[in-house]
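Novice: Take this structure, written in structure tokens, and hold onto it; I'll ask about it next.
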């Protein structure tokens, strides 16, 4: 009975809401450790290691706790709920996470896309399936278009393309990393530049070279694992920037090398947000030794550079790209911004490119489309020479018109004079 009395007295003590005496009860999340010692915070994280689930981390706070989840998991309730898997394949606002040509498979904390033949995720199984055409990587059909060493590169890239697009590649084909393919491309481009210069240039082969390099690097860029990849060989310098995000990236993009700087934006590089595949890239490839592209008298005042982005529609950009070229010679003046046009066999063209600023060492170009670009010297002088025959023709025409008019006036005057003289003679003869 004495023990029961003690417990009754203790209960009465705890229930008494008296000022300055021990509080009647502890708030939620607190507990009494010893009689008279007050309320102490309960460490829920320490008492239950799995209170947030296997994929969550518990964070204790005064009187409570909250859970944070790993990527791919979320809380199905309030901040103290356990972390559960996110089903990305049926998530709200994500009807086609793999695109309309892919199938989505949910995994614990992730998902995987499988594409129909002819489409690819470029080795990243969490991006939308994109159509992939392997025809540009077919070997050259005519000897005139064949570039030494390029057939081997094209065969390698075509095989890589067929593997990516779930099509049947060559027997025993092995997948190469994007970094390995980029290295091969740079080395082959080195050799081709030297051969192009030694042969004096050929418009058709130059067009094949530039087009194939651009197609090749567009296939390689999405396969690169690093956000920034750089390769600098004896004759080729390339920089590739890749962004992989659930939402399209925003903001400026700047790529630089020894002689050229590219300034653009991710909005330009991505293009239409509705077709965003889950990645974007920008490429700046500089040819150090491609000095003579054609047999014409036009001379390069800068390195030739190929610019490419993930946006498939680059013939008329919403915002122009800015290219800053360093002159090969500080004495170069009156340089002109040009791009390589594939019309006919290929030639330099000024269409869509304008000079923003130029001095003795640099020229800044603004271009509304993508291609291969350079600075040309001598084109302004050629334009002046081209205007000279027109001036001569105009002058000759004016002189000829004046001569004809003078002749007509002379004949008219003689005719009038003769008529007057002929009319007066009969009158004189009559008077005599």
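In case you wondered, yes, glycine gets a Cβ from its N, Cα and C as well.
TrEMBL: automatically predicted annotations, no manual curation.
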Novice: What range among 367-389, 390-412 does TrEMBL describe as transmembrane segment?
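Specialist: Matching range for transmembrane segment: 390-412.
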Novice: How does the domain 'EGF-like' (41-84) divide up by DSSP, counting helix, then strand, then coil residues?
Specialist: 4 helix, 18 strand, 22 coil
Novice: Over the span of the domain 'EGF-like' (85-130), count residues by DSSP class, listing helix, strand and coil in order.
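Specialist: The breakdown for the domain 'EGF-like' (85-130) reads 3 helix, 16 strand, 27 coil.
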